[in-house]
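Peer 1: The structure that follows is given in the form of structure tokens.
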Amino acid sequence: MEVKIFTLLQIALFIALGIHLVVAGPETKEDKKSDVYELFTVEYCGTNCTLLTNGRWTACTGKKGTCRCYHESGEKVGLCLSTEYTDFSEYPNPKSSEIDAAAPLPRETH
């Protein structure tokens, strides 16, 4: 009986801690050097790459040539992934007048 109660308390503690961490989120300073202004995306290209007997890897096709083979050392099979890095600190913050000007206008009916 004690083991069941102890296990239940551990599970409740892990759930509470997990919820707290999700709600708290990462702490970042929103300045231009912060990670908040950087975005690194990785997409799976839908294929794998394999090590050939001549030591080269099979080509990764797809996504208009942006796919590359990523593999762990010593492995003979890797994943074809497309990566992209965007640094939003290079772009100015839009003003509300710019946002209003870019908003779609309602259709005029005659």
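Every residue gets a Cβ built from N, Cα and C, even glycine.
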Peer 1: Say which of Cys49, Cys67 is recorded by Swiss-Prot as the disulfide partner for Cys69.
Peer 2: Cys49
Peer 1: I'd like the Cβ neighbour count for Cys69 (disulfide bond), meaning other Cβ atoms within 10 Å of its Cβ, all protein chains included.
Peer 2: 20
Peer 1: Under the DSSP assignment, what numbers of helix, strand and coil residues are found in the region 'Disordered' (89-110)?
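Peer 2: Output for the region 'Disordered' (89-110) reads 9 helix, 0 strand, 13 coil.
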Peer 1: Taking just the CA atoms, what is the gap between Cys67 (disulfide bond) and Cys49 (disulfide bond) in Å?
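Peer 2: Answer for this pair: 11 Å between alpha carbons.
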